[in-house]
Amino acid sequence: MHFIDQAEIEVQAGNGGDGIVAFRREKYVPAGGPSGGNGGRGGSVILVADPGLQTLLDFRFQPVIKAEHGAKGGPNHRSGASGADRLVRVPCGTMVFDTETGELLGDLVQPGDRLLVARGGKGGLGNAHFLSNHNRAPRQFTRGQPGERRRLRLELKLIAEVGIVGMPNAGKSTLISVVSSARPKIADYPFTTLQPNLGVVPHPAGDGVVFADIPGLIEGAHRGVGLGHDFLRHVERTRVLIHLVDGTAADPVRDYQIIQQELRAYGHGLSDKPQIVVLNKIDALEPQEVSERTQRLSMAAGAPVSAISAVARQGLEPLLQRVWQCLGRDPDLHRPAAASKIQPVRGQENLRIGVPLPSQNSEMSGYVYLGGGSAPRFAPDQVGH
């Protein structure tokens, strides 16, 4: 399925039905009064948020969406039938703009949210409406009013609590695939991910949290370079960002700084969101390299850095714990810990991962290893630089 997050459509509400001219004609009533009924109301076009949809692809094939017209009135004071409303399903997170004015008409976030985008025309009046003491046999009637017609721009912003951002090939798709049931395309080359991927990560409380894997950003993404500009909007609704950095890159700190600059340049509060900085692919590094790169990245970020290996499934539980804390959904620490659902890759059970420990001075005072086996904490001066 192709992911389409923008579309332009034209909506046309139904016209109101015309009123009619009719007179009562019955046996022994040669001069019956007016009996022309009113026309029916035209159908309206209404957008409805549907959690089962994740793309605006369908709107590429139906550029004009119409509702039914109202029926004309009938004799004997019968009103015409109203036209049926046209309910149009859109993904949750769809923002609707008037193309001509640029006005935001509505933001359909919750399942079942509705937005009236084109109102049906009122029905016309039959001649019975014009009966008066001065006009006992009126022949006036009115036609139904036309329904509203407008062009709309639909813009989809995915609804996820956690967004995963980073340079191409940082391991974002691998991470979301091991912590959720999402199955994005994964390959060892940049820009494997060409569209956002959503995954629901189980929470210890029993519910789930939606994560979004955003296609890789590169320098100049806020100006439309690469794929980033098209998809940065999808992290606007997130509450927390996981900033994934490739630990095997030539300069992880430089990669981190590039993404931070792009988030600031794009605006919309992205750089102000809480971030969890994560050094990935440490299974491909020596312990000393992990320690050095984690320390440097922590200094650049001014915050602790989680060191993980998504492919080896190491360090993921502590990372998720930090996510729950940022979301204010930290599980009850007093209840017995449930068995981890994230299992290490065979052969990697004893992989030792260096994770920085923050000191009271907000500088890194040491590291602790996560993974199989015991490893003592050690000070930075015990690590070769």
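From the backbone N, Cα and C atoms, a Cβ is placed for every residue, glycine too.
Per Swiss-Prot, the feature domain 'Obg' maps to 1-159.
What Swiss-Prot lists as domain 'OBG-type G' is 160-328.
The Cβ of Lys281 (GTP binding site) lies under 8 Å from the Cβ of Gly171, Asp246, Gly247, Thr248, Ser309, Ala310, Val311, each of which sits 6+ residues away along the same chain. For 166-173, 191-195, 213-216, 280-283, 309-311, the entry in Swiss-Prot reads GTP binding site, with the evidence type sequence analysis.
For Ser173, Thr193, the entry in Swiss-Prot reads Mg(2+) binding site. In three-state terms derived from DSSP, Ser173 (Mg(2+) binding site) belongs to a helical segment.
Cβ neighbour count within 10 Å across all protein chains ranks Gly166 highest among the binding-site residues Gly166, Asn169. Here the Cα atom of Pro215 (GTP binding site) is found 9 Å from that of Ser173 (Mg(2+) binding site). Here the binding-site residues are Ser173, Ser309, and the one ringed by the most other CB atoms within 10 angstroms is Ser309.
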